[in-house]
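Please read the structure below before turning to the comments.
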Number of protein chains: 2
Amino acid sequence: MTNPSLMKKAFSPASIGNACVGFDLLGHSIAGPGDRVGVRKIDEPTVRIRAIRGLDLQLPLEAERNTAGRALIALREALGLEFGFEIEIDKGIPLGSGMGGSAASCVAALVAANALLDAPLSREALYPFALDGEAAASGSRHGDNVGPMLLGGLVLTTAERMVRIEVPAAWHCTLVHPEQVLETRRAREALRGHYALGEFVAQSANLAQVLVGCMKGDEDLVRAGFADVLVEPRRAPLIPGFAQVKQAALDAGAFGASIAGAGPSVFAWFATRAEAEAAAAPMRAAFSRAGFDSQSLVSPVAGPRAEVL
Amino acid sequence: MTNPSLMKKAFSPASIGNACVGFDLLGHSIAGPGDRVGVRKIDEPTVRIRAIRGLDLQLPLEAERNTAGRALIALREALGLEFGFEIEIDKGIPLGSGMGGSAASCVAALVAANALLDAPLSREALYPFALDGEAAASGSRHGDNVGPMLLGGLVLTTAERMVRIEVPAAWHCTLVHPEQVLETRRAREALRGHYALGEFVAQSANLAQVLVGCMKGDEDLVRAGFADVLVEPRRAPLIPGFAQVKQAALDAGAFGASIAGAGPSVFAWFATRAEAEAAAAPMRAAFSRAGFDSQSLVSPVAGPRAEVL
């Protein structure tokens, strides 16, 4: 018999996927908003969602279709667990914000469930189940949101692994979330079609400079590379005000600015917290001139990881 | 009056362009073969090539069409020099070998001419002229051969800059040059057409893992990323025996193996010099089974840079 009253709770921060020029590959966590998930063992060999509360109540309660549910189903099956899980989700990240809302529920659920295991797994070992969970929402196993939530900070994610990329602690991100909706489906459709080898080489050069610049703490190299020539030009027309918000960030001294995740939020990196904070008002003003209210937040690029509460 | 008798000579090593998965972006120099170039000042405000000796006598003597000549023309013009240069080239790198033969003449000429200046430039400042020179041979300003020759070792090169990527000194490269000819033009034609976003993401993930793996000295990460899914599959059919040579390298413990530059040479990376040396015979045997004699050489991945003699 398992103890039905024992619930473990975990918090996962939000994150920015598709960070800089790392489409589907690079993301970083954000201090501040996040999802809280409670998980308890149940005797029934199943996974069920008891409640979803908070910012978004449109999420599926059916475990298989929910990122948290799908991740724990995958965990149970892989480990051959005899018991099941019951999940309660408190959403703190608005869906469709480009802040990894669906990924955070999934990661918080895994971290909480992991704490209930007799032999908890490493964060690396949880990664495949987080990819399974992410696929429930997006249809693809991309790790650029769940990876940063599991490890913290800036993380390179592939189908097989997560690699933490160290960045200077002083570097900060400003994220501005406009009150406009951009469906991920539309954002994905904008990327259909063919690509030229030249686009690939230019984008790769930029990604390489950002990665090496981060690891060397070389701001100039990050500035040189922080220019998405492949994905951003195809998606920016879907975000009214994007060009003006980006320019406001650059005028405020940003290394660069781009679309957070699949949008519509816009993020920019700065050398210091003070610069990042000073950029928020002009970035929001630019969205306002385009007709959209917005919220902003500032976080270290090396944000926190998900933790048991 | 300049002193017509004063000649500076420089040596540039060979290099491997398109290294690993860094098409047009990543290359490393090789210890061993190279080009020697002598440069002297002349009173006439021009650049001329007095002689080309050595392995390849098919090269243009017309300065504008020769990589060394073009680079020094660009240098003269940029610095507003009143004097000219006369160049003598001793080729030590066979053209069409995928070892950067045209780039080496260009870099050696620049390094020699630079030593004749009252205020010599940094290697970084010579880079744009090296790109000009490279364009005389290939028609494009790609830096993945000239960059490693100027800086030494493994170098990330973009249109604007070179960034040295540190790698462990123990890592070695085996290069096998078969006696077959693959025209760069044909190798370029194989890359025509369109590319899918998924190919790009997979290749970028691999490039990122190689770069981060090199910088962290993490052999597993380099192994994970050393798989060219974009360029190699399109060019490999042009190189008889390629698949077998690559497999021989992998069987000998290589991190990975791929086409050097535009081919037809094949290179592989290993954790130690001993492994790299042991791999040469089976790699050559594989080319032999495909009907081609070959030469091989072993070099640290962190090879030397061009130097004044």
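From the backbone N, Cα and C atoms, a Cβ is placed for every residue, glycine too.
A quick note: this is a predicted structure, and the numbers were derived from the prediction, not measured.
Among the features that TrEMBL reports, domain 'GHMP kinase N-terminal' is placed at A:66-153. Taking the domain 'GHMP kinase N-terminal' (A:66-153) as a whole, pLDDT averages 94 in the prediction.
Per TrEMBL, the feature ATP binding site maps to A:P94, A:L95, A:G96, A:S97, A:G98, A:M99, A:G100, A:G101, A:S102, A:A103, A:A104. Around A:A104 (ATP binding site), the same-chain residues six or more apart in sequence whose CB sits under 8 Å from its CB are A:S12, A:P13, A:A14, A:S15, A:G34, A:D35, A:G92, A:I93, A:N145, A:M149, A:A306, listed in sequence order.
The domain 'GHMP kinase C-terminal' annotation in TrEMBL covers A:217-288.
For the binding-site residues A:G96, A:G98, counting C-beta atoms within 10 A of each C-beta gives the highest total at A:G98. Here the binding-site residues are A:P94, A:G100, A:S102, and the one ringed by the most other CB atoms within 10 angstroms is A:G100. When secondary structure is read from DSSP and collapsed to three states, A:A104 (ATP binding site) falls in the helix class.
In sequence order, A:A14, A:I93, A:N145, A:G261 are the same-chain residues whose CB sits within 8 A of the CB centroid of A:P94, A:L95, A:G96, A:S97, A:G98, A:M99, A:G100, A:G101, A:S102, A:A103, A:A104, the residues recorded for ATP being left out.
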